[in-house]
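> In case it's useful when we look at the structure, here is the feature table from TrEMBL:
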{"type": "BINDING", "residues": "A:C366, A:H417, A:H545", "note": "Zn(2+) binding site"}
{"type": "COMPBIAS", "residues": "A:1-11", "note": "compositional bias 'Low complexity'"}
{"type": "DOMAIN", "residues": "A:1-64", "note": "domain 'TGS'"}
{"type": "DOMAIN", "residues": "A:304-568", "note": "domain 'Aminoacyl-transfer RNA synthetases class-II family profile'"}
{"type": "REGION", "residues": "A:1-32", "note": "region 'Disordered'"}
Amino acid sequence: MVDPSPSPSVDDPAKDDRTDATTGEQTGLDRFGDDKRVVAVRVDGETWDLSRPIPDGAAVEPVLIDSPDGLAILRHSAAHVAAQAVQSLHPEAKLGIGPPITDGFYYDFDLADPFTPESLREVEKVMQRIVKERQRFRRREVTDTEAAAELADEPYKLELIADKSRVAEDVVVHVGDGDGSGDASSVEVGAGQLTIYDNLKRDDSVAWFDLCRGPHVPHTGYIPAFSITRSSAAYWRGDQANKQLQRVYGTAWPSRDELKAYEFRLAEAARRDHRKLGAELDLFSFPDELGSGLPVFHPKGGVIKREMEDYVRRRHIEEGFDYVGTPHISKEGLFHTSGHLPYYKDTMFPPMELEGSSYYLKAMNCPMHNLIFRGRGRSYRELPLRFFEFGSVYRYERSGVVHGLTRVRGLTQDDSHSYVTPEQAPGEIRHLLDFVLGLLRDFGLDDYYLELSTRGDSDKFIGSDEEWAVATAVLEEAALGSGVPVVPDPGGAAFYGPKISIQTRDAIGRSWQMSTIQYDFNQPARFGLEYQAADGTRQQPVMIHSAKFGSIERFIGVLVEHYAGAFPPWLSPVQVVGVPVAGEYVPYLVEVADRLRTAGIRVEVDDSDDRMQKKIRNAQKEKVPFMLIAGGDDVAAGAVSFRYRDGTQKNGVPVEEAIREITDAVAARVQV
RNA sequence: GCCGCCUUAGCUCAGUUGGUAGAGCGACGCUCUCGUAAAGCGUAGGUCGUCGGUUCGAAUCCGACAGGUGGCUCCA
């Protein structure tokens, strides 16, 4: 840990002026002020500024700068510095909110002109000056009226003050979840006491102030390493109906070394970006002529796609699913029956008019599977009845959200629907969750969590309270029993029922929904699905939607980033490259390659005019897992030089042995 | 959809204050026959995303559209 204060021995303004210390009690600075890694104290579970007097007998712990709370405090203080800098450069800028988020902070401003890269550099310069000034953060408790008077020129702050009573959540420091969202109002004000934080210069004049719950670091000198990273527009309070504000994003760290390490991590992540690797490895592309969000898979990407499809088809059959097939378009009535059309008309491709009917490209497969279920009478003996297919669906995603393979307009779901009795539903859901977790394990993914999407208090859903309660309880029990971390997502359910989804993050930390399991009691009712029970009565089944990969396209994108293109051998588009030391050894390697190909291995022999070094380099750049190199010595010995992707090698390996090792590695589905 | 930025050869990029384009890699050809991450030489390839405007003249300035991109909103 590098000392965050550039000159700790110099007089610390916070130490000789404690306006809060009216009672003569000890403050956090008295206790911990010598240790610049301490940025706050926890007093009876609340996080306090170091300058606040600590009541006698209270339990007090230091909050270290590199703890999650400490980092959030550092970043929140950095947000104040950014805001002060922006308002000093643009006095007309009105303040929005400025919370800490993962790795950094943002601050929103109502500003006539958007920030430019140049103006952001200006902001950064002023911030550096403010940090150098070591402005002290002073906390002041104020009444609503006082706050409103002081912030009379800040309309957004006034709105927060007016809304204070609505905010019940008692959040001391809000740590963002990485996607930049977060309940804004809980960050700046909470229930009860309002506080204003002043930034004081050396002469105690107020350089800047903001309505804020705090806490903050003692002075701006505690913010040694930061940068402004980007700007963007953001709707006030996250509502599209509100005005767009200009948001400045920044990052802040306890030391320059940590800032550098963070920047290095970002650069590494950019190297893994599936859009970049997809082009470099010749896996897929997005031809302009097709339109936005419509990928084509090249032969090498096609191999990965086919391996995934083969895997998941085989597994579905093993798990008792029937493979079905449905068309890409349907008359619109089907989507009225299912209830989708009113909800998703705007995000479906517009209808085609034909012979007096409107046809839609399907955006989901479930209605068609329902028609198969309804195709004849069903008995309770058939249940669970499970349908599975690769369903290509088309969704007119808005232009601003299309993103590589992770958000496309045409995608293939490995979509399945299980029709079960209500009693069978819990068991089926556990079964599907096991299926999904096994699949993720087989593909080597380990960084994910479950999201439990429920109705919350939104009213955009159909079905009775009781049905929702039952469905939610069933999913919740399965999710909590899985051993995987579960994150609640109130309000995130499908309109027809709650869901469990697997969420994973891409190279730059954005999270994406992968597998889903949804409990649906609505569509069976809307389609009039029924089965004959043992007692001869007609009963309505529950349907459970599940997609194991989710979208094949998105899963490929995540796989590319997870492996940085170096796929496990069984998924590698080319598993083995033969590299002859010179042209005359090509026939020998072709013979070895033929034997590998017979064993089901994807193998190529590089018979180009390049030198062997170049061929090794090319295979290495293509991230081929195995290279077999052969020259005169090898031919004489009936052997090959075996080179792995990590650069290690074994010379003089008998051909038999090399073939066995490769086929074993491919069959084992392991990473090498 | 909203705000900002970007678009020059297959790829990665240069192109000074407006005066109709360059490099490296790749491709192709020739020479070299080579032992663990780039042999040498040569050739081809671009109406500078599209359309319109300003100008004697536009890759360069302005506008619209398309595609991409960073966020916001959305995500069955």
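Any Cβ shown, glycine's included, is placed from N, Cα and C.
Because TrEMBL annotations are produced automatically, they should be read as predictions rather than curated entries.
Keep in mind that this is a model prediction, so the values were computed, not measured.
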> When you average the Cβ positions of A:C366, A:H417, A:H545 for the Zn(2+) site, which other residues in that chain have a Cβ within 8 Å of that mean position?
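Near the Zn(2+) site, the remaining chain residues are A:M364, A:N365, A:H369, A:N370, A:D415, A:S416, A:Q518, A:D520, A:Q523, A:M543, A:I544, A:S546.
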> Give, as a single whole number between 0 and 100, the mean pLDDT over the domain 'TGS' (A:1-64).
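Averaged over the domain 'TGS' (A:1-64), the predicted model reaches a pLDDT of 70.
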> According to DSSP, collapsed to three classes, what secondary structure does A:C366 (Zn(2+) binding site) have?
helix
> If you draw a 10 Å sphere around the Cβ of A:H545 (Zn(2+) binding site), how many other Cβ atoms fall inside it, taking every protein chain shown into account?
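Its Cβ has 24 other Cβ atoms within 10 Å.
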> Going along the chain, which residues six or more apart from A:H417 (Zn(2+) binding site) have their CB under 8 A from its CB?
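Expected: A:N365, A:C366, A:H369, A:N370, A:F373, A:R386, A:F387, A:M543, A:I544, A:H545, A:S546.
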